[in-house]
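Visitor: Let me give you the structure first, and then I'll get to my questions.
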Amino acid sequence: MAPGNGTCYKPMKATSNGVFQGDTPLDFALPLAILQICLVVALTRALAFVLRPMRQPRVIAEIVGGILLGPSALGRNHEYLNTLFPVKSLTVLDTLANLGLLFFLFLVGLELDPKALKRTGKKAFAIAMAGIGLPFIMGIGTSVVLRGTISKGVSGPPFLVFMGVALSITAFPVLARILAELKLLTTDVGRMAMSAAAVNDIAAWILLALAIALSGTGSPLVSLWVLLCGAGFVIACVVILPRVFAMMAQRCPDGEPVDEIYVCATLCCVLAAGFVTDTIGIHALFGAFVVGILVPKEGAFAGALVEKVEDLVSGLFLPLYFVSSGLKTNVATIHGAQSWGLLVLVIVTACFGKIVGTVVVSLLCKMPFQEALAVGFLMNTKGLVELIVLNIGRDRKVIQFPFFFSSYLFL
């Protein structure tokens, strides 16, 4: 059934018999998905090449590519949209995109080293809390205004928390790549920004899990059960998985190839964790993120996991997620003085709260003003994680997706 219009479509078969048998390949799921992936990768890579002289990360090219392929640009041609991205194919596209996203969040967790957070001490923790606390509070205040204008009828508490999380989170993966490109990872500013962003991300995911639990359509007791089961899942993972992963890492000495069975077992564990958290009612991505955090960072094991997974996920599947989001969004929905005024409000709330909160606490921690300002701007890095929050909020019918996705583009 097509979303929103009640139209039913005949399920697509996987493969065709070929044009010589009278079949049109674009009427079948597999050849259409192959063409979509090739189109998306070609466009996003071309945009990344064009934006490279401006030193823009590839995530910017992927966001722009998603918008260009959707109804905001090329999708205004309905013949193109119905041929290459028909509604009946979006389930397959969304499934592939979310599967890649699952492993991307596993890689994000894999990059977070809890031991490194301990070494940075209280300073990084204080900066992170300021970087998420002030914009979170301001986001809740902004959400009160939005509920009275463009978001009437949405559920109150989940909307407040989703808005706070979406405006206060720091894109840890994007920040890591920006610092690496600028050769700042080993500097004091780079280490402080990375540690603060890691704490920020962990806190934001905890708040996101709370928001998802509150967004359930059942009684408050159901939300309580979701939170309790989620906490039980995390505790079980913390107790069991580090021992299992440590055993695998010990059997993968440096300088020798990592046994494929350990890589396969870890990836299956990621999928199983995603299944459990999705069954609980949180989100499959949360389970993958938890597993990634618990993998030991020392030795060849973690490096082998990144090497096996990263290229396939970031090269093929992640661009699909941006296109999947872009196909659901029309930037033209922002029109009129009220919409543009609210857009400015969202941008100012997100940027002002994040930068000012971080800079003030950094100065209180006796950092030089120039370094404090640099950390403030780095902590304001936006990326895929914010888009994930918006998509989850849209799927839960908590937020008005087109406006907020468009606002995110301007951030």
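Even glycines carry a Cβ here, placed using N, Cα and C.
Since the structure is predicted, the reported quantities are computational estimates derived from the model, not experimental observations.
So TrEMBL says this about it:
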type	residues	note
DOMAIN	43-400	domain 'Cation/H+ exchanger transmembrane'
TRANSMEM	28-47	transmembrane segment
TRANSMEM	59-75	transmembrane segment
TRANSMEM	95-112	transmembrane segment
TRANSMEM	124-146	transmembrane segment
TRANSMEM	158-180	transmembrane segment
TRANSMEM	192-216	transmembrane segment
TRANSMEM	222-241	transmembrane segment
TRANSMEM	262-295	transmembrane segment
TRANSMEM	340-364	transmembrane segment
Visitor: Counting only residues 6 or more past its boundaries, what in the same chain has a CB within less than 8 Å of a CB in the transmembrane segment (124-146)?
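Guide: That would be 117, 159-161, 163-170, 192, 195-200, 203-204, 207, 342, 345-346, 349-350, 352-354, 356-358, 360-362, 364-365, 375, 379.
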Visitor: For the transmembrane segment (95-112), which recorded stretch in the set 158-180, 192-216, 222-241, 262-295, 340-364 gives the largest number of Cβ pairs separated by under 8 Å?
Guide: 262-295
Visitor: Is it the case that the transmembrane segment (158-180) and the transmembrane segment (340-364) have 3 or more CB pairs under 8 Å, with pairs at least 6 apart in sequence?
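Guide: Counting Cβ pairs under 8 Å, at least 3, so yes.
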Visitor: Cβ under 8 Å, sequence separation of at least 6 from the ends of the transmembrane segment (192-216): give me the contacting residues as numbers and ranges.
Guide: 108, 112-113, 116-117, 120, 123-125, 127-129, 131-132, 136, 155, 157-158, 161-162, 164-165, 168-172, 175-176, 179, 185, 222-223, 226-227, 230, 281-283, 286, 289, 293, 358, 367, 371, 374-375, 378-379, 381, 385, 389, 392-393, 396, 398
